[in-house]
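Engineer: Quick one: the structure is below, and I'll ask about it shortly.
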Amino acid sequence: MVVELLVEGAVGGAFWSLVGIALSRYVRDIAGRILLAAVLIAAAVFYVVFAAQGDAGGAWLAAEVVGILVYGGMAVLGIRRSPYWLAAAWALHPVWDVVLHNIGPGRAFAPEPYTIACLSWDLVVAAAIAVAYGTGFVGDRRTRPAPADAVAVDAG
């Protein structure tokens, strides 16, 4: 069951990563970043819902809201500044999923399948963002210098 959940999470993360990367490459860079930031914030909001439904108490709800603020803040930096903030937020989110909610005290209210699937989902999205921007597949390609070995072609 764990392997199946990890595969499901990886597939979901890959799907939304591809959608976000396609938006960034073919529409506008900001469009894909906004999508992947919104999905990250939604993932954090689910934990508030789980805590509320599980009667976790005010302190837990406050802690979950802090999670939204932390990951949301990183997501905003990923939109407005460097996409690597967004990659970092996705890469750190498994700490929230696994350490706090799968093996930690949040296990009392967070559904185990969600926390397990989120582990692979988050890491796939983080890797996809890092690779897409690191290789120059997405991002502002207009400001990059031409490769040193590029040969100019005389159009005249």
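Placement of Cβ uses the backbone N, Cα and C atoms for every residue, glycine included.
When I checked TrEMBL for this same protein, it listed these features:
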type: TRANSMEM; residues: 6-27; note: transmembrane segment
type: TRANSMEM; residues: 34-52; note: transmembrane segment
type: TRANSMEM; residues: 58-77; note: transmembrane segment
type: TRANSMEM; residues: 114-134; note: transmembrane segment
Engineer: Restricting to CB pairs under 8 Å, which listed stretch, 6-27, 58-77, 114-134, is in contact most with the transmembrane segment (34-52)?
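Structural biologist: Stretch with the highest Cβ contact count: 58-77.
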Engineer: Could you tell me what the rest of the chain brings near the transmembrane segment (58-77), counting residues at least six beyond its ends with Cβ under 8 Å?
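Structural biologist: Those are 36-38, 40-41, 43-45, 47-48, 51-52, 85-86, 88-89, 92-93, 96, 106, 109, in sequence order.
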